[in-house]
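Colleague: First the structure, then my questions, so here it is.
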């Protein structure tokens, strides 16, 4: 029996949703406990309560993800229709990602550092599963919903995607790795120039690459955009309720990825009217799925976002310089 056949035969196993949730939650919790202990050991830190707490939390998260995906079809979209084996293997891969994200978040919270091997292991697992299965993507490498004609034809998909599924799996995963890594590297480089120190560490670059290996470039981009919003809200609460001087950014990148995993269908099918008209036309509605099929809009948005980032970092640097002057004058 070939490796590909064995993987597909395993993925096609059918169980009730509740049993999948129990098995997924238990496996996620146990692997999290083992992984967190190993990661803390690599830093020479005591285990204390972190492995147990993180394993319980991640076990519940894993079970919730299974229920959302299998029970509520939270990752189902019109253009991505995996086989039963592909859907199950994708879910198993995402549970593995959740384990790795928790391992990374715990060590980042404890040490402000991310172990390279955690991320590199995830990149190998993500790209390997995508290639061997050929049916685990959340979104195809390229899909253009702008060419859809309702009730006549669907979105445009390059023919080679279905003709060469394993090649497609490898390519979308590798492009996801590059997208996540380049986004984090670009932010790190710009902040280093404007602030004199990088806003992200080298571990965050690997973390985003790992997320991209499992999610692909479109979900990874969305997760990266969600992270600062989550950091602003949750970070502010933590700063107010605790004496922690600084909060690492890695856990928020991980949380952004988890939000995408759980709510992918709602995010991808999101439509926002741009007018107050009762029945707005297609051109007056922002649709997330159409945005990712328009290179011009993506380029303009990327440019504006980068400009806004530079502006915000410049303001922060100016504020810090004023604070330094005030301290010297006192």
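In case you wondered, yes, glycine gets a Cβ from its N, Cα and C as well.
TrEMBL lists these features:
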type	residues	note
TRANSMEM	17-40	transmembrane segment
TRANSMEM	52-72	transmembrane segment
TRANSMEM	92-109	transmembrane segment
TRANSMEM	121-143	transmembrane segment
TRANSMEM	163-186	transmembrane segment
DOMAIN	168-236	domain 'Prepilin type IV endopeptidase peptidase'
TRANSMEM	198-215	transmembrane segment
TRANSMEM	221-240	transmembrane segment
TRANSMEM	252-276	transmembrane segment
TRANSMEM	296-319	transmembrane segment
Colleague: Counting Cβ pairs closer than 8 Å, which of 17-40, 163-186, 198-215, 252-276 has the most of them with the transmembrane segment (221-240)?
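Modeller: Against the transmembrane segment (221-240), the leading stretch is 252-276.
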Colleague: Tell me, roughly as an integer, the mean pLDDT over the domain 'Prepilin type IV endopeptidase peptidase' (168-236).
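Modeller: That region's mean pLDDT is 92.
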Colleague: Pairs of Cβ atoms less than 8 Å apart decide it: which stretch in 17-40, 52-72, 92-109, 163-186, 198-215 has the most with the transmembrane segment (121-143)?
Modeller: 163-186
Colleague: Mind checking which residues of the chain, 6+ beyond the ends of the transmembrane segment (163-186), have their Cβ under 8 Å from one of its Cβ atoms?
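Modeller: Beyond its ends, the transmembrane segment (163-186) has Cβ neighbours at 4, 123, 126-127, 130-137, 139-141, 200, 204-217, 219-221, 224, 253, 306.
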Colleague: Would you mind listing the long-range same-chain contacts of the transmembrane segment (52-72), meaning Cβ under 8 Å and 6+ residues beyond its ends?
Modeller: 17, 20-22, 24-30, 32-33, 36, 87, 91, 94-95, 98-99, 102, 106, 258, 261-262
Colleague: Per DSSP, how many helix, strand and coil residues does the domain 'Prepilin type IV endopeptidase peptidase' (168-236) have?
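Modeller: In the domain 'Prepilin type IV endopeptidase peptidase' (168-236), the DSSP-based counts are 62 helix, 0 strand, 7 coil.
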